[in-house]
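Participant: Mind having a look at this structure? Questions to follow.
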Amino acid sequence: ASDGRNAVVHERAPELVVTATTTCCGYDPMTICPPCMCTHSCPPKRKPGRRND
């Protein structure tokens, strides 16, 4: 059932799916998932699950 949830996200905004297609290192940020998210080396600008563009 969780797969359907990811599928909806992909259909809504496929351009946001850059690295991970289903989960981001064990969790689903519902947005883009850069590799730095896995190593926690992302700059403290945008929070996972939110788009502050």
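Placement of Cβ uses the backbone N, Cα and C atoms for every residue, glycine included.
Sharing the record's features from Swiss-Prot:
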type	residues	note
CARBOHYD	T19	O-linked glycosylation site
CARBOHYD	T21	O-linked glycosylation site
MOD_RES	P14	4-hydroxyproline
MOD_RES	E15	4-carboxyglutamate
MOD_RES	P29	4-hydroxyproline
MOD_RES	P34	4-hydroxyproline
MOD_RES	P35	4-hydroxyproline
MOD_RES	P43	4-hydroxyproline
MOD_RES	P44	4-hydroxyproline
MOD_RES	P48	proline amide
MOD_RES	P48	4-hydroxyproline
Participant: What whole-number Å value do you get for the CA-CA distance of P44 (4-hydroxyproline) and P35 (4-hydroxyproline)?
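Facilitator: It is 15 Å, counting Cα to Cα.
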Participant: Tally every other Cβ atom lying within 10 Å of the Cβ atom of P34 (4-hydroxyproline).
Facilitator: 15
Participant: In Å, rounded, how far does the Cα of P34 (4-hydroxyproline) sit from the Cα of P43 (4-hydroxyproline)?
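Facilitator: So the Cα of P43 (4-hydroxyproline) lies 11 Å away from that of P34 (4-hydroxyproline).
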Participant: Check P34 (4-hydroxyproline) against DSSP and tell me helix, strand or coil, would you?
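Facilitator: Coil, per DSSP.
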Participant: Roughly how many Å lie between the Cα atoms of P43 (4-hydroxyproline) and P35 (4-hydroxyproline), rounded to a whole value?
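Facilitator: Between the alpha carbons of P43 (4-hydroxyproline) and P35 (4-hydroxyproline) there are 12 Å.
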